[in-house]
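Per TrEMBL, oxalate binding site is recorded for ASN105, HIS120. The Mn(2+) binding site feature in TrEMBL is assigned to HIS118, HIS120, HIS164. As annotated by TrEMBL, disulfide bond applies to CYS41-CYS56. Residues or ranges marked as domain 'Cupin type-1' in TrEMBL: 70-218. What TrEMBL records for 1-31 is signal peptide.
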Amino acid sequence: MAAMFSIKTTSSFFLVLGLTVVLFYSLPCFSADPDPLQDICVADLNSTITVNGFPCKPVSQVTSNDFFFSGLMNGASTDNPDGQGVSRGDVTTFPGLNTQGLAVNRVDLARGGIIPLHVHPRASQSNFILEGEVLFGFITTTDVLYAKVLKPGELSIIPRGLVHFAANVGPQKAVVLAFFNSQRPGTAQIPRNLFGSNPAIPNDILAKNFRVDEKIITIIKSKFGNVTNAQDS
């Protein structure tokens, strides 16, 4: 009986904390996006009009399903070189988020999996650990690293636009909920940006930046030729 009570109490704690994070990030004063000018603006993902966001779908076409999303129930595949799978809950997958200044991703990390060095140019990020042990770290513009291993129920914050990373350092898989104060935070993966861009950055430029021989740059580039960015948004 005591064990059942403990499980229920723990689950309730995680639920309340998760809802608190969602509420915090959905308040207009904490959003990195412009404030909405109407109650709802479900994204019309089929529109050919280019705006800062998405045009609104006609209200006559809006249904209850536009405001509910089950895309984070199951984890994405981690069968890739990084050992990570990202299930996105942003405006491109959940149109009801349009103009609400919020996105939530589920990140699954296989044992030893990593989230490569990257930045989100349009949002701050908060991470809530559901399973496993995850090392989170970010680097400031003054080259200071802040990092810590988090366990289930713990929360971290990544300031907007700073380089950061994560790694599963536990013995089993890890699951993280990542909250953003933007409906489309954007992701720039640094390794892929540098070594897999199209057109490619000249080898001599990269060699001078990293102070290595151009042959090493060629070897590194060969690793990124056909890699798709699972976090691209």
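Note that Cβ sites are derived from N, Cα and C of the backbone, with glycine treated the same way.
Features as recorded by TrEMBL, highlighted on the structure.
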{"residue": "CYS41", "record": "disulfide bond", "contacts (Cβ under 8 Å, 6+ apart)": "CYS56, ASN98, THR99"}
{"residue": "HIS120", "record": "oxalate binding site", "contacts (Cβ under 8 Å, 6+ apart)": "ILE158, ARG160, GLY161, PHE180, SER182, PRO185, GLY186, THR187, ALA188"}
{"residue": "HIS164", "record": "Mn(2+) binding site", "contacts (Cβ under 8 Å, 6+ apart)": "LEU117, HIS118, VAL119, GLN125, PHE136, GLY137, PHE138, ILE139, ILE158"}
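This prediction places the mean pLDDT of the domain 'Cupin type-1' (70-218) at 96. DSSP places the residues of the domain 'Cupin type-1' (70-218) in helix, strand and coil in these numbers: 22 helix, 57 strand, 70 coil. In sequence order, LEU117, VAL119, GLN125, PHE138, ILE158, LEU162, VAL163, PHE165, THR187, ALA188 are the residues of the same chain, not among HIS118, HIS120, HIS164, whose CB sits within 8 A of the CB centroid for the Mn(2+) site.
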